[in-house]
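Listed features, source TrEMBL:
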type: TRANSMEM; residues: 21-38; note: transmembrane segment
type: DOMAIN; residues: 60-202; note: domain 'Peptidase S54 rhomboid'
type: TRANSMEM; residues: 62-89; note: transmembrane segment
type: TRANSMEM; residues: 101-123; note: transmembrane segment
type: TRANSMEM; residues: 129-151; note: transmembrane segment
type: TRANSMEM; residues: 163-180; note: transmembrane segment
type: TRANSMEM; residues: 186-205; note: transmembrane segment
Amino acid sequence: MVKIEQIKKKLDFVRRFPITVTIIMVCVVIFIVNNFIFDKNNYILIYKYFGLVENTIKNKEYYRLLTCFFIHFDINHLVGNMFILLLMGHRVEEVVGKLRFLLIYLFSGIVGSILEIIFITNFRVYNNYVSAGASGAIFGIIGASIVLILLDSKKKIDISKKGIVFLAVFLLLIGKTTKTTNINNIGHITGLLSGLFITMLLYFVEKIIKKNSVISKRYKFIF
């Protein structure tokens, strides 16, 4: 009976938070495929094909802007990021809904990556630069939670300000445990800013739409 109840709880979690669970599953599957099927030297695979590199936009390899935050350098990098995503993701998804959560995550990851490349290209911070990992997009989710706490008192998110700070610091420390030194705070900052921006935009657009009953009915599935 206990095992059945546990299974029911897990299935209920998957049903309630499908986007968070799907993202975690995709990241885990990609890591397993990369490390145990295609190439044991994951760093080379990331640099050549999937990671965010300095010439991503110059070489028109735009797909890297998406793939870079679904691939990870090593097991510590993956587990740390997925742990934070599990803790933060379902809380934000519960408040904003599936579609908006997915939008915030993808926007934070992609736009954060674009801003990261612009910064790296202009300031030449690193040599042979390569970046990967979900932390930028996760910082976007952290940014979303900050907006929800500060602006939207009606939508209660189940985490305190201290909790957000703790998780952000933990996420920053994950980079110190990876085998590569290319885990940098630039991607974290750009992801955070992207998350703050898109969540604030959605918040104010939602307020405008709710004032207009015609628009509100038409776009009810999003807002």
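Each residue, glycine too, has its Cβ placed from N, Cα and C.
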Dominant neighbour of the transmembrane segment (129-151) in 21-38, 101-123, 186-205, by Cβ pairs under 8 Å:
186-205
For the transmembrane segment (101-123), give me same-chain residues lying six or more residues beyond its boundaries with a C-beta closer than 8 angstroms to one of its C-beta atoms, as numbers and ranges.
19-20, 23, 52, 54, 56-58, 64-66, 68-69, 89, 92-93, 129, 131, 134, 136-137, 139-141, 143-144, 186-187, 190-195, 197-199, 202
In the same chain, which residue numbers or ranges, 6 or more beyond the ends of the transmembrane segment (21-38), come under 8 angstroms Cβ to Cβ?
13-14, 45, 70-72, 75, 78, 81-82, 85-86, 89, 105, 134
Give me the mean pLDDT over the domain 'Peptidase S54 rhomboid' (60-202), rounded to a whole number.
84
For the domain 'Peptidase S54 rhomboid' (60-202), the DSSP helix/strand/coil residue counts are 104 helix, 2 strand, 37 coil
